[in-house]
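Q: Just dropping this structure here.
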């Protein structure tokens, strides 16, 4: 669990763009984000392809988007490239980072991977600290997990971890270039073949209960829930890091201290001039993004 936390700390620093449903009063073809050619502009052709894929269990959706679909900033119009085909797409791209279709696919995959790492990291922080509070662990601090002694020396652990992660990432990269090329799904006569979908391996090894097959609407709902929880986890991990730097304690310990004395144990009790300046810069950046979005 400590290793997952360390790995997540190295990878969770890359927060990629957030996306959402398309513009109002339009009909948009929403296709799952495979690494193939972009969906054609003709919705009738896409609809036929979507129906064919849906009968095979591929989560493709093509339907008119309602005018009241949620947008990240009320009254704003999402850019054309954010057409609602990505899970958790809220039309947020004020800097136009996803205007290139290939880059948008890459950003979507990068966000998905960082979201999953962050969820593992948050669990790897909260669960051991919870065990410590009930007496099952002693002197646990997630931020010094790398300094503890394990069954091997740190260099050996680092080399083994990098080798294993490199192998996994290499196969993931190959699957992004050629979807389905590294599929290890066993061929069973009573089970239909799993459709290749980059970022969602599914099958017997990664989808035991077949939640990722069937009707496309529930699949998109579950994928949206995953990316939303992943985004929350990325923000939570950043918050855990700030707490560790400024208080030297874990998130549960900080929460209990705040509940016991909310008037004195809060962000203002540890705030410094440098932190205040950082918060002001973040606020200015947010205002700049709002202005860019409103003018686009």
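Keep in mind that glycine also has a Cβ here, set from the backbone N, Cα and C atoms.
Remember, TrEMBL labels are computer predictions, not curated facts.
OK, TrEMBL features for this one:
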- 111, 114, 225, 226, 229, 231, 243: chlorophyll a 1 binding site (BINDING)
- 116, 188: chlorophyll b binding site (BINDING)
- 258: chlorophyll a 6 binding site (BINDING)
- 230-247: transmembrane segment (TRANSMEM)
- 267-292: transmembrane segment (TRANSMEM)
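Could you tell me the structural context for the features on the list?
A: In the three-state DSSP assignment, the secondary structure recorded for residue 116 (chlorophyll b binding site) is helix.
In the three-state DSSP assignment, the secondary structure recorded for residue 258 (chlorophyll a 6 binding site) is helix. Listed in sequence order, 265, 266 are the same-chain residues six or more apart from residue 258 (chlorophyll a 6 binding site) with CB atoms under 8 A from its CB.
Panel annotation: around the transmembrane segment (267-292), residues 73, 94-95, 246-247 of the same chain, lying at least six beyond its termini, place a Cβ under 8 Å from a Cβ of the stretch.
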Q: Could you say which of the binding-site residues 111, 226 has its Cβ with the most other Cβ atoms inside 10 Å?
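A: Neighbour-count leader: 111.
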Q: Determine, to the nearest whole angstrom, how far the Cα atom of residue 229 (chlorophyll a 1 binding site) is from the Cα atom of residue 116 (chlorophyll b binding site).
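A: Cα of residue 229 (chlorophyll a 1 binding site) to Cα of residue 116 (chlorophyll b binding site) measures 9 Å after rounding.
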Q: What is the number of other Cβ atoms found within 10 Å of the Cβ of residue 243 (chlorophyll a 1 binding site)?
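A: 19, counting other Cβ atoms within 10 Å of residue 243 (chlorophyll a 1 binding site).
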Q: On the three-state reduction of DSSP, what should I expect for residue 111 (chlorophyll a 1 binding site)?
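A: Once the DSSP labels are grouped into three classes, residue 111 (chlorophyll a 1 binding site) ends up as helix.
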Q: Quiz question: given the binding-site residues 114, 116, 225, 231, which has the greatest number of C-beta atoms lying within 10 angstroms of its own C-beta?
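A: Output for this query is 114.
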